[in-house]
(Lines of atoms letter the chains of each structure in order from A and count residues from 1; the text may use other names and numbers.)
(Lines give C-alpha, C1' and ligand atoms only; values in the text may rest on other atoms or scores of the structure.)
Protein backbone atom coordinates (compact mmCIF):
# COMPACT_ATOMS: atom_id res chain seq x y z
CA UNK A 1 0.00 0.00 0.00
CA UNK A 2 1.30 3.45 -0.89
CA UNK A 3 0.70 6.34 1.54
CA UNK A 4 -0.53 9.58 -0.06
CA UNK A 5 1.65 12.62 0.65
CA UNK A 6 0.00 15.62 2.29
CA UNK A 7 1.63 17.92 -0.26
CA UNK A 8 2.40 16.84 -3.79
CA UNK A 9 3.85 18.80 -6.69
CA UNK A 10 4.15 16.98 -10.03
CA UNK A 11 5.68 18.53 -13.15
CA UNK A 12 4.74 21.99 -11.91
CA UNK A 13 5.36 24.87 -14.28
CA UNK A 14 4.50 28.49 -13.68
CA UNK A 15 5.09 31.20 -16.26
CA UNK A 16 4.76 34.82 -15.17
CA UNK A 17 4.63 36.86 -18.36
CA UNK A 18 7.65 35.83 -20.40
CA UNK A 19 9.49 34.51 -17.33
CA UNK A 20 9.38 30.80 -16.46
CA UNK A 21 9.46 31.09 -12.66
CA UNK A 22 9.04 27.36 -12.00
CA UNK A 23 9.89 24.65 -14.50
CA UNK A 24 8.93 20.97 -14.23
CA UNK A 25 9.18 20.83 -10.46
CA UNK A 26 8.18 17.67 -8.58
CA UNK A 27 8.43 16.97 -4.86
CA UNK A 28 6.25 15.92 -1.98
CA UNK A 29 5.93 16.53 1.74
CA UNK A 30 4.55 14.14 4.32
CA UNK A 31 2.56 14.63 7.47
CA UNK A 32 4.67 14.40 10.60
CA UNK A 33 7.67 15.96 8.91
CA UNK A 34 9.21 19.36 8.23
CA UNK A 35 10.23 19.93 4.62
CA UNK A 36 12.67 22.79 4.04
CA UNK A 37 12.79 24.38 0.61
CA UNK A 38 16.10 26.15 -0.01
CA UNK A 39 17.36 28.15 -2.93
CA UNK A 40 18.75 31.54 -3.91
CA UNK A 41 16.47 34.51 -4.55
CA UNK A 42 14.50 33.89 -7.73
CA UNK A 43 14.85 30.11 -7.46
CA UNK A 44 11.06 29.64 -7.57
CA UNK A 45 10.50 28.78 -3.89
CA UNK A 46 7.82 31.38 -3.20
CA UNK A 47 6.11 30.81 -6.57
CA UNK A 48 5.88 27.08 -5.79
CA UNK A 49 4.55 27.84 -2.32
CA UNK A 50 1.96 30.23 -3.74
CA UNK A 51 0.77 27.57 -6.19
CA UNK A 52 0.32 25.24 -3.20
CA UNK A 53 -1.46 27.94 -1.19
CA UNK A 54 -3.93 28.65 -4.01
CA UNK A 55 -2.56 32.13 -4.69
CA UNK A 56 -1.16 31.30 -8.12
CA UNK A 57 -2.50 28.97 -10.78
CA UNK A 58 0.02 26.53 -12.26
CA UNK A 59 0.65 26.95 -16.00
CA UNK A 60 1.17 23.19 -16.28
CA UNK A 61 1.53 20.21 -13.96
CA UNK A 62 -0.32 19.70 -10.72
CA UNK A 63 -0.20 20.92 -7.15
CA UNK A 64 -2.16 18.93 -4.57
CA UNK A 65 -2.57 19.64 -0.87
CA UNK A 66 -4.42 17.01 1.17
CA UNK A 67 -5.58 15.61 -2.16
CA UNK A 68 -7.16 18.90 -3.25
CA UNK A 69 -6.32 21.37 -6.01
CA UNK A 70 -5.58 24.51 -3.93
CA UNK A 71 -6.71 26.83 -6.75
CA UNK A 72 -10.26 25.49 -6.33
CA UNK A 73 -10.13 25.01 -2.57
CA UNK A 74 -13.25 25.24 -0.39
CA UNK A 75 -13.45 26.86 3.03
CA UNK A 76 -13.25 23.35 4.50
CA UNK A 77 -9.91 22.79 2.77
CA UNK A 78 -8.56 26.26 3.64
CA UNK A 79 -9.34 25.64 7.33
CA UNK A 80 -6.95 22.65 7.23
CA UNK A 81 -4.09 24.69 5.79
CA UNK A 82 -2.09 27.40 7.57
CA UNK A 83 -0.26 30.02 5.54
CA UNK A 84 2.47 32.46 6.52
CA UNK A 85 3.22 34.72 3.57
CA UNK A 86 6.65 36.16 2.88
CA UNK A 87 5.27 39.70 3.12
CA UNK A 88 3.30 38.91 6.28
CA UNK A 89 -0.21 39.67 5.08
CA UNK A 90 -0.98 41.59 8.25
CA UNK A 91 -3.37 44.56 8.39
CA UNK A 92 -1.25 47.28 9.99
CA UNK A 93 -4.11 49.32 11.44
CA UNK A 94 -5.15 46.71 14.00
CA UNK A 95 -3.32 45.03 16.87
CA UNK A 96 -1.77 41.59 16.82
CA UNK A 97 -4.16 40.38 19.49
CA UNK A 98 -7.27 41.60 17.65
CA UNK A 99 -6.04 40.07 14.40
CA UNK A 100 -5.35 36.69 16.01
CA UNK A 101 -8.75 36.63 17.71
CA UNK A 102 -10.31 37.51 14.36
CA UNK A 103 -8.51 34.72 12.50
CA UNK A 104 -9.45 32.31 15.32
CA UNK A 105 -13.14 33.21 14.81
CA UNK A 106 -12.89 31.96 11.22
CA UNK A 107 -12.14 28.45 12.56
CA UNK A 108 -14.46 26.03 14.35
CA UNK A 109 -11.87 24.79 16.87
CA UNK A 110 -8.92 27.18 16.93
CA UNK A 111 -5.90 27.09 19.18
CA UNK A 112 -5.98 29.20 22.32
CA UNK A 113 -4.97 32.68 21.17
CA UNK A 114 -3.65 33.80 24.55
CA UNK A 115 -1.52 30.66 24.78
CA UNK A 116 -0.12 31.21 21.32
CA UNK A 117 0.67 34.84 22.10
CA UNK A 118 2.48 33.79 25.26
CA UNK A 119 4.29 30.97 23.51
CA UNK A 120 5.66 33.33 20.86
CA UNK A 121 6.64 35.93 23.48
CA UNK A 122 4.18 38.47 22.10
CA UNK A 123 2.37 39.26 25.36
CA UNK A 124 4.11 42.60 25.83
CA UNK A 125 3.37 43.84 22.29
CA UNK A 126 0.10 42.04 21.41
CA UNK A 127 -1.96 45.14 22.20
CA UNK A 128 0.14 47.41 20.00
CA UNK A 129 -0.81 48.42 16.49
CA UNK A 130 0.92 46.09 14.04
CA UNK A 131 2.24 49.23 12.30
CA UNK A 132 4.36 49.87 15.42
CA UNK A 133 5.82 46.37 15.75
CA UNK A 134 9.38 45.50 14.79
CA UNK A 135 10.01 43.21 11.82
CA UNK A 136 10.64 40.25 14.13
CA UNK A 137 7.47 40.90 16.13
CA UNK A 138 5.44 41.05 12.94
CA UNK A 139 7.00 37.76 11.83
CA UNK A 140 5.84 36.11 15.03
CA UNK A 141 2.30 37.52 14.68
CA UNK A 142 2.19 36.18 11.12
CA UNK A 143 3.38 32.78 12.33
CA UNK A 144 0.74 32.75 15.05
CA UNK A 145 -1.91 33.67 12.47
CA UNK A 146 -0.80 30.72 10.32
CA UNK A 147 -1.00 28.27 13.22
CA UNK A 148 -4.10 29.51 15.06
CA UNK A 149 -6.36 27.14 13.09
CA UNK A 150 -4.25 24.12 14.14
CA UNK A 151 -3.58 23.23 10.50
CA UNK A 152 -2.87 19.80 9.04
CA UNK A 153 -0.55 21.45 6.53
CA UNK A 154 1.42 24.64 7.22
CA UNK A 155 3.25 26.66 4.57
CA UNK A 156 5.70 29.01 6.25
CA UNK A 157 7.60 31.32 3.91
CA UNK A 158 10.82 32.34 5.67
CA UNK A 159 9.35 32.17 9.19
CA UNK A 160 12.51 33.24 11.01
CA UNK A 161 13.67 36.03 8.70
CA UNK A 162 14.62 38.98 10.88
CA UNK A 163 14.26 37.16 14.20
CA UNK A 164 16.84 37.34 16.98
CA UNK A 165 18.49 34.05 18.06
CA UNK A 166 16.18 33.49 21.06
CA UNK A 167 13.04 34.02 19.03
CA UNK A 168 14.42 31.79 16.29
CA UNK A 169 14.91 28.94 18.76
CA UNK A 170 11.35 29.33 20.02
CA UNK A 171 9.99 29.33 16.47
CA UNK A 172 11.99 26.23 15.62
CA UNK A 173 10.52 24.44 18.65
CA UNK A 174 7.03 25.48 17.65
CA UNK A 175 7.55 24.35 14.05
CA UNK A 176 8.78 20.95 15.24
CA UNK A 177 5.79 20.62 17.55
CA UNK A 178 3.40 21.57 14.77
CA UNK A 179 5.00 18.91 12.57
CA UNK A 180 4.05 16.23 15.10
CA UNK A 181 0.54 16.36 13.68
CA UNK A 182 0.99 18.17 10.39
CA UNK A 183 3.03 18.51 7.25
CA UNK A 184 5.10 21.66 7.56
CA UNK A 185 6.78 23.21 4.53
CA UNK A 186 9.28 25.97 5.27
CA UNK A 187 11.22 28.11 2.82
CA UNK A 188 14.48 29.41 4.18
CA UNK A 189 17.88 30.83 3.32
CA UNK A 190 19.35 29.49 6.55
CA UNK A 191 21.37 26.28 6.42
CA UNK A 192 21.31 26.16 10.21
CA UNK A 193 17.54 26.33 10.17
CA UNK A 194 17.25 23.53 7.63
CA UNK A 195 19.66 21.34 9.59
CA UNK A 196 17.90 22.05 12.90
CA UNK A 197 14.30 21.48 11.89
CA UNK A 198 14.03 19.71 8.54
CA UNK A 199 13.40 16.03 7.92
CA UNK A 200 13.27 16.51 4.16
CA UNK A 201 15.11 19.07 2.04
CA UNK A 202 14.35 20.41 -1.41
CA UNK A 203 16.94 22.64 -3.08
CA UNK A 204 15.73 24.77 -6.00
CA UNK A 205 17.73 26.80 -8.44
CA UNK A 206 16.65 28.67 -11.56
CA UNK A 207 13.08 27.42 -11.20
CA UNK A 208 14.08 23.75 -11.00
CA UNK A 209 14.70 21.21 -8.26
CA UNK A 210 18.40 20.38 -8.10
CA UNK A 211 18.32 18.12 -5.04
CA UNK A 212 15.75 16.55 -2.77
CA UNK A 213 15.51 13.85 -0.18
CA UNK A 214 16.14 13.39 3.50
CA UNK A 215 18.59 15.78 5.11
CA UNK A 216 21.28 13.07 5.12
CA UNK A 217 20.63 12.16 1.48
CA UNK A 218 20.94 15.75 0.33
CA UNK A 219 24.05 16.38 2.44
CA UNK A 220 25.65 13.25 1.02
CA UNK A 221 28.27 13.21 3.76
CA UNK A 222 29.17 16.87 3.42
CA UNK A 223 27.96 20.03 5.18
CA UNK A 224 24.62 21.20 3.77
CA UNK A 225 26.12 24.61 3.01
CA UNK A 226 28.84 23.06 0.84
CA UNK A 227 26.31 20.95 -1.06
CA UNK A 228 24.04 23.96 -1.53
CA UNK A 229 26.75 26.11 -3.08
CA UNK A 230 27.92 23.27 -5.28
CA UNK A 231 24.35 22.70 -6.54
CA UNK A 232 23.41 26.34 -7.04
CA UNK A 233 26.73 27.76 -8.29
CA UNK A 234 26.25 30.03 -11.30
CA UNK A 235 22.54 29.40 -11.32
CA UNK A 236 21.32 32.66 -9.85
CA UNK A 237 19.10 34.62 -12.14
CA UNK B 1 8.57 21.72 25.44
CA UNK B 2 4.89 22.65 25.53
CA UNK B 3 2.37 21.79 22.86
CA UNK B 4 0.49 24.10 20.52
CA UNK B 5 -2.12 25.68 22.79
CA UNK B 6 -5.57 24.15 22.43
CA UNK B 7 -8.82 26.10 22.80
CA UNK B 8 -9.13 27.12 26.41
CA UNK B 9 -12.83 27.77 26.52
CA UNK B 10 -14.17 24.72 24.71
CA UNK B 11 -15.52 21.77 26.68
CA UNK B 12 -13.99 19.48 24.04
CA UNK B 13 -10.24 20.01 23.79
CA UNK B 14 -9.49 21.69 20.47
CA UNK B 15 -6.68 19.24 19.83
CA UNK B 16 -9.29 16.44 19.71
CA UNK B 17 -11.25 18.08 16.89
CA UNK B 18 -10.14 18.15 13.26
CA UNK B 19 -9.58 21.62 11.82
CA UNK B 20 -12.74 22.99 10.25
CA UNK B 21 -14.07 26.40 9.27
CA UNK B 22 -16.54 28.25 11.43
CA UNK B 23 -20.05 28.30 9.90
CA UNK B 24 -20.27 30.58 6.85
CA UNK B 25 -22.51 33.16 8.47
CA UNK B 26 -20.22 33.40 11.49
CA UNK B 27 -17.17 33.95 9.29
CA UNK B 28 -18.93 36.65 7.30
CA UNK B 29 -20.23 38.40 10.41
CA UNK B 30 -16.78 38.22 11.99
CA UNK B 31 -15.22 39.85 8.93
CA UNK B 32 -17.90 42.56 8.76
CA UNK B 33 -17.33 43.28 12.46
CA UNK B 34 -13.56 43.34 12.01
CA UNK B 35 -13.78 45.72 9.04
CA UNK B 36 -16.29 47.96 10.82
CA UNK B 37 -14.11 48.17 13.92
CA UNK B 38 -11.10 48.96 11.76
CA UNK B 39 -12.97 51.85 10.12
CA UNK B 40 -14.30 53.22 13.41
CA UNK B 41 -10.90 53.05 15.12
CA UNK B 42 -9.09 54.71 12.23
CA UNK B 43 -8.84 58.46 12.72
CA UNK B 44 -8.50 59.37 9.03
CA UNK B 45 -11.47 57.19 8.09
CA UNK B 46 -13.60 58.79 10.79
CA UNK B 47 -12.52 62.23 9.59
CA UNK B 48 -13.72 61.47 6.06
CA UNK B 49 -16.81 59.54 7.13
CA UNK B 50 -18.21 61.78 9.86
CA UNK B 51 -16.20 64.91 10.67
CA UNK B 52 -15.97 66.40 7.19
CA UNK B 53 -19.62 65.66 6.29
CA UNK B 54 -20.67 67.25 9.60
CA UNK B 55 -18.61 70.36 8.83
CA UNK B 56 -20.09 70.47 5.33
CA UNK B 57 -23.60 70.22 6.77
CA UNK B 58 -23.00 73.03 9.25
CA UNK B 59 -21.31 75.18 6.62
CA UNK B 60 -24.02 74.76 4.00
CA UNK B 61 -26.98 74.94 6.36
CA UNK B 62 -25.80 77.98 8.26
CA UNK B 63 -24.54 80.09 5.35
CA UNK B 64 -26.01 81.50 2.14
CA UNK B 65 -23.35 80.31 -0.27
CA UNK B 66 -23.16 78.57 -2.62
CA UNK B 67 -26.59 78.78 -4.22
CA UNK B 68 -28.31 75.42 -3.72
CA UNK B 69 -31.41 76.23 -5.80
CA UNK B 70 -35.09 75.85 -4.91
CA UNK B 71 -36.30 74.22 -1.68
CA UNK B 72 -35.52 74.89 1.98
CA UNK B 73 -31.78 75.33 2.20
CA UNK B 74 -31.30 72.94 5.14
CA UNK B 75 -33.28 70.23 3.32
CA UNK B 76 -31.24 70.53 0.12
CA UNK B 77 -27.97 70.72 2.05
CA UNK B 78 -28.77 67.64 4.15
CA UNK B 79 -29.60 65.51 1.10
CA UNK B 80 -26.27 66.49 -0.44
CA UNK B 81 -24.35 65.80 2.77
CA UNK B 82 -25.92 62.33 3.05
CA UNK B 83 -24.71 61.69 -0.50
CA UNK B 84 -21.26 62.91 0.56
CA UNK B 85 -21.30 60.48 3.48
CA UNK B 86 -22.02 57.57 1.14
CA UNK B 87 -19.21 58.60 -1.22
CA UNK B 88 -16.80 59.03 1.70
CA UNK B 89 -17.39 55.58 3.18
CA UNK B 90 -18.15 53.43 0.14
CA UNK B 91 -15.60 55.01 -2.19
CA UNK B 92 -12.82 57.02 -0.54
CA UNK B 93 -12.48 55.02 2.66
CA UNK B 94 -12.81 51.60 1.01
CA UNK B 95 -10.52 52.41 -1.91
CA UNK B 96 -7.71 53.56 0.39
CA UNK B 97 -8.17 50.76 2.95
CA UNK B 98 -8.37 48.05 0.27
CA UNK B 99 -5.42 49.51 -1.65
CA UNK B 100 -3.19 49.36 1.40
CA UNK B 101 -4.53 45.93 2.47
CA UNK B 102 -3.56 44.74 -0.99
CA UNK B 103 -0.12 46.32 -0.63
CA UNK B 104 0.44 44.60 2.74
CA UNK B 105 -0.72 41.18 1.49
CA UNK B 106 -3.83 41.18 3.72
CA UNK B 107 -6.14 40.31 0.83
CA UNK B 108 -3.95 37.35 -0.11
CA UNK B 109 -3.71 36.11 3.48
CA UNK B 110 -7.43 36.32 4.20
CA UNK B 111 -8.21 35.01 0.71
CA UNK B 112 -6.53 31.69 1.53
CA UNK B 113 -7.96 31.56 5.06
CA UNK B 114 -11.38 29.95 5.71
CA UNK B 115 -12.87 33.40 5.00
CA UNK B 116 -11.96 33.28 1.29
CA UNK B 117 -12.38 35.98 -1.31
CA UNK B 118 -16.17 35.93 -1.24
CA UNK B 119 -16.05 36.39 2.54
CA UNK B 120 -13.78 39.40 2.13
CA UNK B 121 -16.32 40.99 -0.22
CA UNK B 122 -19.27 40.19 2.04
CA UNK B 123 -17.35 41.65 4.98
CA UNK B 124 -16.78 44.88 3.09
CA UNK B 125 -20.45 45.10 2.11
CA UNK B 126 -21.46 44.56 5.73
CA UNK B 127 -19.00 47.12 7.07
CA UNK B 128 -19.98 49.76 4.51
CA UNK B 129 -23.66 49.09 5.22
CA UNK B 130 -23.19 49.48 8.96
CA UNK B 131 -21.06 52.63 8.74
CA UNK B 132 -23.39 54.27 6.21
CA UNK B 133 -26.36 53.51 8.49
CA UNK B 134 -24.45 55.07 11.40
CA UNK B 135 -23.68 58.14 9.26
CA UNK B 136 -27.34 58.52 8.31
CA UNK B 137 -28.36 58.43 11.96
CA UNK B 138 -25.66 60.84 13.19
CA UNK B 139 -25.93 63.32 10.31
CA UNK B 140 -29.72 63.04 10.27
CA UNK B 141 -29.84 63.87 13.97
CA UNK B 142 -27.58 66.91 13.57
CA UNK B 143 -29.62 68.01 10.55
CA UNK B 144 -32.85 67.64 12.55
CA UNK B 145 -31.44 70.05 15.13
CA UNK B 146 -30.76 72.46 12.27
CA UNK B 147 -34.40 72.22 11.15
CA UNK B 148 -34.26 69.44 8.54
CA UNK B 149 -37.66 67.98 7.66
CA UNK B 150 -37.38 65.24 5.02
CA UNK B 151 -40.37 64.53 2.79
CA UNK B 152 -42.09 61.50 4.34
CA UNK B 153 -42.94 59.99 0.95
CA UNK B 154 -39.29 60.19 -0.05
CA UNK B 155 -37.76 58.12 2.75
CA UNK B 156 -38.11 54.74 1.05
CA UNK B 157 -36.81 55.90 -2.36
CA UNK B 158 -34.00 57.72 -0.56
CA UNK B 159 -32.94 54.49 1.12
CA UNK B 160 -33.00 52.71 -2.25
CA UNK B 161 -30.85 55.52 -3.66
CA UNK B 162 -28.39 55.14 -0.77
CA UNK B 163 -28.12 51.39 -1.36
CA UNK B 164 -27.59 51.80 -5.12
CA UNK B 165 -25.14 54.64 -4.59
CA UNK B 166 -23.14 52.65 -2.04
CA UNK B 167 -23.04 49.67 -4.43
CA UNK B 168 -21.82 51.80 -7.35
CA UNK B 169 -19.17 53.60 -5.29
CA UNK B 170 -17.97 50.44 -3.53
CA UNK B 171 -17.54 48.73 -6.92
CA UNK B 172 -15.58 51.77 -8.16
CA UNK B 173 -13.47 51.73 -4.98
CA UNK B 174 -12.56 48.06 -5.49
CA UNK B 175 -11.78 48.69 -9.15
CA UNK B 176 -9.40 51.51 -8.21
CA UNK B 177 -7.86 49.63 -5.27
CA UNK B 178 -7.33 46.48 -7.30
CA UNK B 179 -5.70 48.05 -10.34
CA UNK B 180 -3.56 50.93 -9.06
CA UNK B 181 -0.68 50.92 -6.57
CA UNK B 182 -1.52 51.98 -3.02
CA UNK B 183 0.05 55.45 -3.24
CA UNK B 184 -1.83 56.09 -6.48
CA UNK B 185 -5.08 54.94 -4.87
CA UNK B 186 -4.53 57.36 -1.99
CA UNK B 187 -3.97 60.29 -4.36
CA UNK B 188 -6.76 59.44 -6.80
CA UNK B 189 -9.36 58.61 -4.15
CA UNK B 190 -8.78 61.91 -2.36
CA UNK B 191 -8.75 63.87 -5.61
CA UNK B 192 -11.97 62.19 -6.75
CA UNK B 193 -13.60 62.97 -3.39
CA UNK B 194 -12.86 66.68 -3.84
CA UNK B 195 -13.95 66.76 -7.50
CA UNK B 196 -17.17 64.82 -6.88
CA UNK B 197 -18.27 67.30 -4.21
CA UNK B 198 -18.79 69.82 -6.97
CA UNK B 199 -20.08 67.35 -9.55
CA UNK B 200 -23.51 66.72 -8.14
CA UNK B 201 -22.84 65.52 -4.58
CA UNK B 202 -23.24 68.75 -2.61
CA UNK B 203 -24.15 71.03 -5.49
CA UNK B 204 -27.32 70.14 -7.44
CA UNK B 205 -26.44 69.43 -11.07
CA UNK B 206 -28.81 72.19 -12.26
CA UNK B 207 -26.64 74.71 -10.41
CA UNK B 208 -23.59 73.76 -12.47
CA UNK B 209 -22.50 75.49 -15.69
CA UNK B 210 -24.39 74.12 -18.71
CA UNK B 211 -21.33 72.33 -20.04
CA UNK B 212 -21.04 70.32 -16.83
CA UNK B 213 -24.69 69.61 -16.10
CA UNK B 214 -25.11 66.67 -18.49
CA UNK B 215 -21.75 65.20 -17.53
CA UNK B 216 -22.54 65.41 -13.81
CA UNK B 217 -25.96 63.80 -14.31
CA UNK B 218 -24.30 60.84 -16.00
CA UNK B 219 -21.80 60.42 -13.17
CA UNK B 220 -22.68 58.38 -10.07
CA UNK B 221 -22.02 61.49 -7.97
CA UNK B 222 -24.71 63.48 -9.75
CA UNK B 223 -27.14 60.57 -9.78
CA UNK B 224 -26.68 59.96 -6.05
CA UNK B 225 -26.89 63.62 -5.04
CA UNK B 226 -29.82 64.50 -7.32
CA UNK B 227 -31.58 61.26 -6.41
CA UNK B 228 -31.41 62.00 -2.69
CA UNK B 229 -32.50 65.62 -3.23
CA UNK B 230 -35.47 64.54 -5.35
CA UNK B 231 -36.55 62.00 -2.72
CA UNK B 232 -35.88 63.87 0.49
CA UNK B 233 -36.82 67.40 -0.65
CA UNK B 234 -39.74 66.64 -2.99
CA UNK B 235 -40.75 63.09 -2.06
CA UNK B 236 -40.12 61.88 -5.65
CA UNK B 237 -38.90 58.54 -7.01
CA UNK B 238 -35.63 59.15 -8.87
CA UNK B 239 -35.95 56.40 -11.49
CA UNK B 240 -33.49 57.96 -13.95
CA UNK B 241 -30.86 58.37 -11.24
CA UNK B 242 -31.37 54.75 -10.16
CA UNK B 243 -30.75 53.63 -13.73
CA UNK B 244 -27.50 55.64 -13.86
CA UNK B 245 -26.34 54.15 -10.54
CA UNK B 246 -27.25 50.62 -11.65
CA UNK B 247 -25.24 51.02 -14.86
CA UNK B 248 -22.23 52.29 -12.91
CA UNK B 249 -22.52 49.51 -10.32
CA UNK B 250 -22.80 46.85 -13.02
CA UNK B 251 -19.99 48.22 -15.18
CA UNK B 252 -17.62 48.76 -12.25
CA UNK B 253 -18.38 45.30 -10.83
CA UNK B 254 -17.69 43.67 -14.20
CA UNK B 255 -14.46 45.64 -14.61
CA UNK B 256 -13.42 44.74 -11.05
CA UNK B 257 -14.06 41.05 -11.65
CA UNK B 258 -11.99 41.27 -14.84
CA UNK B 259 -9.03 43.41 -13.75
CA UNK B 260 -8.77 43.26 -9.94
CA UNK B 261 -5.32 41.99 -8.91
CA UNK B 262 -4.92 40.55 -5.41
CA UNK B 263 -1.21 41.47 -5.23
CA UNK B 264 0.25 44.97 -5.50
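Backbone N, Cα and C atoms are what each Cβ position is placed from, and that goes for glycine too.
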**OP:** Examine the ranges B:26-45, B:46-65 and name the one recorded by TrEMBL as transmembrane segment.
**Re:** B:46-65
Original post:
Do the transmembrane segment (B:46-65) and the transmembrane segment (B:154-177) come together with 3 or more C-beta pairs under 8 Å, pairs six or more apart in sequence?
Top reply: no
Subject >> Among B:121-148, B:154-177, B:239-260, stretch most in contact with the transmembrane segment (B:77-100) (C-beta, under 8 angstroms) >> reply: B:154-177
**OP:** With a Cβ cut-off under 8 Å, give me the same-chain residues at least six positions beyond the ends of the transmembrane segment (B:121-148) that come close to it.
**Re:** 28-29, 31-32, 34-36, 38-40, 49-50, 53-54, 57-58, 61-62, 72, 74-75, 77-78, 81-82, 85-86, 88-90, 93-94, 98, 115, 162, 166, 170, 174
